[in-house]
Amino acid sequence: MGIWKWLVMASLVWPVLTLRNVYDMKIECPHTVSFGENSVIGYVELPPMPLADTAQLVPESSCSMDNHQSLNTITKYTQVSWRGKADQSQSSQTSFETVSTEVDLKGTCVLKHKMVEESYRSRKSITCYDLSCNSTYCKPTLYMIVPIHACNMMKSCLIALGPYRVQVVYERTYCMTGVLIEGKCFVPDQSVVSIIKHGIFDIASVHIVCFFVAVKGNTYKIFEQVKKSFESTCNDTENKVQGYYICIVGGNSAPIYVPTLDDFRSMEAFTGIFRSPHGEDHDLAGEETATYSIVGPANAKVPHSASSDTLSLIAFSGIPSDSSLSILTSSTEAKHVFSPGLFPKLNHTNCDKGAIPLMWTGMIDLPGYYEAIHPCTVFCVLSGPGASCEAFSEGGIFNITYPMCLVSKQNRFRLTEQQVNFVCQRVDVDIVVYCNGQRKVILTKTLVIGQCIYTITSLFSLLPGVAHSIAVELCVPGFHGWATAALLVTFCFGWVLIPAITFIILTILKFIANIFHTSNQENRLKSVLRKIKEEFEKTKGSMVCDVCKYECETYKELKAHGVSCPQSQCPYCFTHCEPTEAAFQAHYKVCQVTHRFRDDLKKTVTPQNFTPGCYRTLNLFRYKSRCYIFTMWIFLLVLESILWAASASETPLTPVWNDNAHGVGSVPMHTDLELDFSLTSSSKYTYRRKLTNPLEEAQSIDLHIEIEEQTIGVDVHALGHWFDGRLNLKTSFHCYGACTKYEYPWHTAKCHYERDYQYETSWGCNPSDCPGVGTGCTACGLYLDRLKPVGSAYKIITIRYSRRVCVQFGEENLCKIIDMNDCFVSRHVKVCIIGTVSKFSQGDTLLFFGPLEGGGLIFKHWCTSTCQFGDPGDIMSPRDKGFLCPEFPGSFRKKCNFATTPICEYDGNMVSGYKKVMATIDSFQSFNTSTMHFTDERIEWKDPDGMLRDHINILVTKDIDFDNLGENPCKIGLQTSSIEGAWGSGVGFTLTCLVSLTECPTFLTSIKACDKAICYGAESVTLTRGQNTVKVSGKGGHSGSTFKCCHGEDCSQIGLHAAAPHLDKVNGISEMENSKEYDDGAPQCGIKCWFVKSGEWISGIFSGNWIVLIVLCVFLLFSLVLLSILCPVRKHKKS
């Protein structure tokens, strides 16, 4: 019945597969070619095809790299198949027979001696296939081995195998030379005693593919090593097959020859091949649950002309999961076996009538080290409505994410760096990119500035130099840019715009005055009518007509109604109307003269004399007067200059620099100085003041407190590597014999569980060809395959949050690392961390899906013992223990139907813990890391996101001996060396200062970057005696700013100009470098400071480009000429 089920399924699947017969083979390539004959390998498992078509299978390649010619030769196989005997109606050990025939297969993975080495030297590929067959259909697996140079020569190509087309895709990893495992670049090391190299020494599970190479010689007697290693009873090893396995580790390595006693990798592979000879199964997606029907044990003649049986096999029907190609062991010549529908004997405890696999795939544990992670460089340029960005890293990019950007999976490489191009569609918010675990911020405001400058320069392309000089002023973001535009427009066109705008304003005001006058007249008339009506109602009665019921406004109108309405006439137009109320009311709505009596009253009411007042004053205002225009022009220039100066600095985000004037704030010590605040984990804090004697202000002492960003240190227990795997449920049924009679392929899997239902007790659980009740066995097997390491887990034992605190109090310089509930205490200063708000706790498990620099997840519940399949931590490989398999708590059920093969059912979970976590990953807390340091027992990092907070308390005592501590002998000299970056931009500039210290060994202080009026940034630094180089970053300024290095009120003599913001690439800045709070109490910029700033700008804008002043003056003269034409001076005649 299993065969018929397989036929039905294949008949349904085959037409669908023929519609889409193109499949992908991925070959992972490192982005450098290392020394040695390294090759890369890829493979793909293809859908089933008829067994009869396998004889015509030949791989055909369209790749630019030639295929090795040796694979085009025909290999003779002994095909062993089984069939039922015609005279047998009951299943038994003698109810079937095996048949051996000779077949020719072309392109199978029969590698010759030195073939891989020759293909590397001649730049040729090796393309071959393996077959996994039952009695009816075969599933091919296509393999391709190419020299590593192909990664630089090709991106993709096409291979044909029978009805299938396989597209080979060369995919670059970010690894320099290593293998990508768990998102990290692992470099296997041949030495067992290897120590740390460039990274951390570890043991990783690496995928391996091996091919048997038949060659005669005393050094190739493989079964001699089998006998030594596995205590085999193989006595006649001289007459066994001779040769070796050649293996590729991790999809990218130099050839490994198995067995080689002095190569640890080789012996690991050798152990895997002979302890688990079936290796990884060849199940396709959807074949995790399948049924075998074991027909029975069989013997066959290999070759077909042999006089006696030489190979033991087990016949089966059902979905094939393992390779059907093997090598007979009982001959020194390689006898190739093709056994569709039969498992050859691969157990070599007894070497009689056995075989070895032609190919083997599996996993081995290898020691090695992980490649170091290099920082990223990210920059962007404006492109259309968004930004085009690139990221570089010397050692490759393992992770780059940003939800607002489109990051392509196809990466390009430039020399030894990896280049990743991506597009961000929005530039209205800053671009935050996580690259190699670093948080990079690209300030898009600078990109918009560049686009603005480009646009203005393009519009005035006749004078590009002048246009660019003006554009860099106008395109400063915020109010400052608008203030600059207003200032330039007022200077150039104020003489025309001032009278024009004044005229428009006067017109609007006169219109409003006229409206108010008319409105007042109407309101006055309404008031008179209301008073008349009230008086009439008090003396005479109602003002409503008795006939038409219309309410009249005057007595004369009421009297007209009394005469006309009884005569059926309209009192207004004397038109005939029906003598009904409704008719009169309807007529009044269309009558054109109902206001006749109101107008007569308006004429009789004496109008109030209108005094021109405001309206006349507006008419007489001399807005064309040159004196008025000049006065307003000067006033607007002064006002706009002050507003411009006040807005010449950017509004910063918190916590960063706040622009202030020169100097340091002072605090009179009447009482103790206490500061109490919270500080994010990613922020530095600098507090600087002059403490003055309240009794004598001339006496002071310098105080400088520096608190560095938080360091998170955890003592951990390395739990090992977490694996993902596929759980398979297989049913193996045979009609006779005990369950222990056969060995199934899952018996050699690392993790497996079996439940046997031995000796069927009912006819309802037996197929029709079974002998009867009380015989046979149904074996239910659960096993894990396709194991893949996905992450590393660490359990937190203890956790510590610490900061480094340094205090300069006069001459005294002290530093200490303090943690939570700890204090820095000196004679005058006390700095304490009172508490920390954190999301980590003791006992949590940290899981890293890639390099530790990329951050990870926090698990509150992680399985460490009696793990069930599906739990976090279900499949683990600790370094100090063997492979830990999960428990399968579900129960089996044997499903029976009359005259059909029993089927095993499992009611437990079939989804791995990793897949469950990935499906609900948003429900777990994550964290990012920076400045990572780690060993097996301890991990330290800094939080780039500022997700944690420390409660800080600073106390400075008022009891200070100013007489003895006031004098500070330290002398500081300043010199400005160089400047990088741009003024007025979001990214800012970096000033390089040469600072000399004399008279004392060390001194903690701050160096500022300032122009004549304002300081834009500061750097807290510990100076040592002699010359020190200090880099100070700042943001803001203007085109006239001459940036100098300053210390307090003292600045370097020579300053430097920064570049203008333009279309250059905007580099991403590290958030850890940019996150700092600086407080030195310097005063804010006042009126005097604003004027100094305006003067510096005005002198600076013209100092380098006098043509700009000439052009502006030309525009001014043009506006004066235009004013004289449009508003000529009125000539007054002398009386």
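Here, residue 1 is simply the first one shown, and the rest follow in order.
Placed from the backbone N, Cα and C atoms, the Cβ positions cover glycine too.
What Swiss-Prot lists as disulfide bond is Cys29-Cys151, Cys133-Cys138, Cys376-Cys435, Cys380-Cys389, Cys452-Cys475, Cys765-Cys896, Cys806-Cys815, Cys823-Cys832, Cys863-Cys867, Cys970-Cys1000, Cys993-Cys1045, Cys1085-Cys1089 (among others), and the listing cites similarity to another entry. Annotated region 'Fusion loop' per Swiss-Prot: 757-777, in sequence order. Positions annotated as signal peptide by Swiss-Prot: 1-18. Taken from Swiss-Prot, the feature topological domain 'Lumenal' covers 19-485, 649-1105. The transmembrane segment annotation in Swiss-Prot covers 486-506, 628-648, 1106-1126, and the record cites sequence analysis as its basis.
In the structure as shown, the Cβ atom of Cys452 (disulfide bond) sits within 10 Å of 20 other Cβ atoms. Cβ atoms under 8 Å from those of the transmembrane segment (486-506) belong to residues 470, 473-474, 618, 621, 623-624, 628-629, 632-633, 636-637, 640-641, 644, 1112, 1115-1116, 1119-1120, 1122-1123, 1126-1127 of the same chain, restricted to positions at least 6 beyond its ends. Cys832 (disulfide bond) is surrounded by 19 other CB atoms, counting those within 10 A of its CB over all protein chains shown. Helix first, then strand, then coil: DSSP counts for the region 'Fusion loop' (757-777) stand at 3 helix, 4 strand, 14 coil. The disulfide-bonded residues recorded for this entry are Cys435, Cys806, Cys1000, and the Cα of Cys435 lies nearest to that of Cys380 (disulfide bond). Sequence-distant contacts (6 or more apart, same chain, Cβ under 8 Å) of Cys151 (disulfide bond) comprise Ile27, Cys29, Pro30, His31, Val33, Val40, Tyr170, Arg172. It is 35 Å from the Cα atom of Cys376 (disulfide bond) to that of Cys832 (disulfide bond). Geometry remark: Cys133 (disulfide bond) versus Cys896 (disulfide bond), CA distance 27 Å. When Cα-Cα distances from Cys138 (disulfide bond) are compared across the disulfide-bonded residues Cys435, Cys765, Cys815, Cys867, Cys1085, the shortest belongs to Cys765. Taking the Cα of Cys765 (disulfide bond) as the reference point, the closest of the disulfide-bonded residues Cys435, Cys823, Cys832, Cys867 is Cys867. The Cβ neighbour count for Cys133 (disulfide bond), using a 10 Å radius and every protein chain shown, is 25.
The Cβ of Cys993 (disulfide bond) lies under 8 Å from the Cβ of Leu974, Gln975, Thr976, Ser977, Ile1007, Thr1029, Val1030, Lys1031, Val1032, Cys1045, Ser1052, each on the same chain and at least six residues away in sequence.
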